[in-house]
Structure formats: C-alpha cells, structure tokens
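Take a look at the structure set out below.
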Amino acid sequence: MAATDVERASNEEKRSLALSGHVGFDSLPDQLVGKSVTQGFCFNILCVGETGIGKSTLMNTLFNTTFETEEASHYENGVRLRPRTYELQESNVHLKLTIVDTVGFGDQINKDDSYRSVVDYIDTQFETYLQEELKIRRSLFNYHDSRIHVCLYFITPTGHSLKSLDLVAMKKLDSKVNIIPIIAKADTISKSELHKFKIKIMSELVSNGVQIYQFPTDDDAVAEINSVMNAHLPFAVVGSTEEVKVGNKLVRARQYPWGVVQVENESHCDFVKLREMLIRVNMEDLREQTHTRHYELYRRCKLEEMGFKDNDPDTQPFSLQETYEAKRKEFLSELQKKEEEMRQMFVNKVKETESELKERERELQEKFMQLKRIHQEESKKVEDKRRDLEEEMNAFNRRKVAMETLQSQSFQATSQQPLKKDKDRKN
C-alpha cells in the first residue's frame, strides 16, 4: 500500500462500537502507572548562577534534605559543570535526581564565553542520548537519561535590571532547555523594589526575545493554577534548612535581627509557588518538553547534517542505503575538492618558495660580486703600497751605498795627510 493510500485510509471517518461485555483495557492506565513506579523516574536540574548566590541552599530546601556540597572558589579560571546524582524515595516512588552546578559562572573578568561551557554540556547530553538511540542494540529501558529537564536561572537581586551576562546566557539556552528564572535571596530587597524588579526582568526578556518556560495551560486539570503562576514569574525565593520557632511551631526560616523570613510563607517569598510548579504540578511536563521539543530539535539538526530528511507524501521515501550512497558521494566529492585545493596550495607554496630562493640567490650573488670588487680594490692598493715600499727601500739602499762610499773615501783621504807631513819633515 502506498503512503498516500495509508494517509487516505487514516483520514476516513472512524466508527464507534459498543462493547457487549467487559474486556479489560480500562486497566491500561493502572498498568502504565505500575510500570512507571517499578521503573522509577529521573529528573535533572541545571542550576545556573554566580558563586554564593544560594543554589545549593535552595536545592536542599526544595527537596527537604541535605545534599553533599563542595565549597566553590571565586577565582575559577573558567566555568566548570559539576553533576551530582542522588537516589530519593518518597512513599513507593523512586526518583533519580541529578543536580548540575555551574561552578565559577560569572566570576571571570572576561565573561564573554561563560555560557559556552553550559551550552556544550547540554549538547553533550543530547548527543549521548542520540548515540544510544542510533545503536542497533538499544537499551533505553536501563539507560540513565542525563538530559537537562529544567534550568533554574538564579538572578542576582540588584533591584535594577538584568545583567548583560544573564540576557546573553538565557538567549543561548532558551532553545536547548526549559528555563525558569528565579530571583535569589529575595529578602535582600524591599517588596516594592521586588515588584518593580520582576516587571523590569520580564520586560527585558520579552524585548530581547528570550523564551522562558511557560507552565502549560492546555490541560484542564492544571490550566487555572498554571495560568495564575505564569503571571508570578520570575519567582522571588528564599532558601533555608534552619528551623526557627514562630509561635508554637517550628518553621524553616531565616533569622535576622529585625525579624524572621519564613521560607514557606507566601507573603514572604515565592518558594512555595516554585516548589508547586517545579515538582508537584509540572515535573512530568518538563520531562516531556525536554524530549519532544528540545531534544527533537537537536536530533533533527543532527540527522539533517548526516543527510537524512523528511520526504513529501507524494515522493518515494529514501532508503537507508540510498541515503548512505548519496552521503558517500557527497563526501567523496568534498574530499576530492579538498585534495585539489591542498594540491594547488602546495604548488603555489613551492612556486613561492622557489621565487624566494631565486631572489635570495640573486642577493647573495650581488653581495659576492661586491665583496669580490672590494677585495680586488684592496689587493690593488696593497700591491701599490708594496711597490712604493720597494722603491723606497731601493732608494734607501742606493743612498746608503753612496754614503758608505763617501765615508770610505773621506777616511782614506784623512789617513794619507799625516803620512805626507811626516815625509816633508824628514826631507
């Protein structure tokens, strides 16, 4: 049957039939619940915020326990993702909870690439899940799903506006993860400032095109409460695991000299709203949105890069072998193109090197001829000086000989005069 025939058959009016007795498929919801409880659930939270903003404290407060923590330094060279997985149980429900902390986020002087490590981590989890899906022998039932289901983005309570880092980071993350912005340490600013700050944050998010997670309103069971809670975003929260006595009750709160801030008092902060929306009402929707929206977007992009694509209903679908052959031809063509480019680059490099060598040879030849000419000139000067010196030596020798001759003659003349005088006396 062709694809168009199947589509035409599926669009035909379906008939409703009455059952003459009990069949038993009304137990399907119970079967699904039983299977899910047996298998357990996983939930992965990414906490993005500056060091010391209260991420660990809020996680402890949300799940009413104490997770192991590690003191983080303000002098990290870069952003480091630190995942921790815990096994939790409430009644007969098992939850594998993973909390991923962004150590060193926003602590560097140059914050341009602070978001990159976070984006890479999310993509890595998507890629790991995709590789598991593409295996011939898949084991998704036992596979630990590490994809991030929600990003709690902690905003510093400045009371003015969002930092540039926050806007850039959330813009890079909104297509990859469900973002719930929260104002941390909300007890550090007044209620009037907090109200204005919330309005300013939402205005900046909308004007910059940042898509945060909206609590779903298509389910009648939760549509009303989710619609109301969407208007309270971002949640202003306070976290604390310490118990303070207020009246006759012990409540989780923060004790100050001027009073007590109760964590679960909705007139003090939005912690209860966050817990209701994150855990008690929309946890499954966050898991579903991660799979059907964010992961599907990543999966589609990756498969398109690999050469897979959807076909029109009227066209014959490509088989895996056809897709492989098309991709192989494309790869070989690209490889040949690269080889030709490299060959041409090598030829150009050789020509350039030969030209440089010839130029260098010419320069050396000119320098050699210049040195040779200088040598000849210097040799000529030395030869001229040698001849002049020889002439001077010859002239000196001649004068010396003449001088010696004169001296000899003078000596002989002087020695003959006394002899003559003696002869004259004798005569």
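Backbone N, Cα and C define each Cβ position, glycine as well.
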Candidate ranges 96-99, 184-187, 296-299 [criterion: Swiss-Prot lists as region 'G4 motif']: 184-187
Correct range for region 'G3 motif' (source Swiss-Prot, candidates 29-32, 101-104, 365-368): 101-104
Of the residue ranges 9-16, 49-56, 385-392, the one that Swiss-Prot records as region 'G1 motif': 49-56
Per-residue Cβ crowding (10 Å cut-off), top of binding-site residues LYS185, LYS191: LYS185
Three-state secondary structure, GLY49 (GTP binding site) (per DSSP): coil
Count of other CB atoms lying within 10 Å of the CB belonging to GLY52 (GTP binding site): 13
Per DSSP, three-state class assigned to LYS191 (GTP binding site): helix
Overall pLDDT for the domain 'Septin-type G' (39-305), taken as the rounded mean: 90
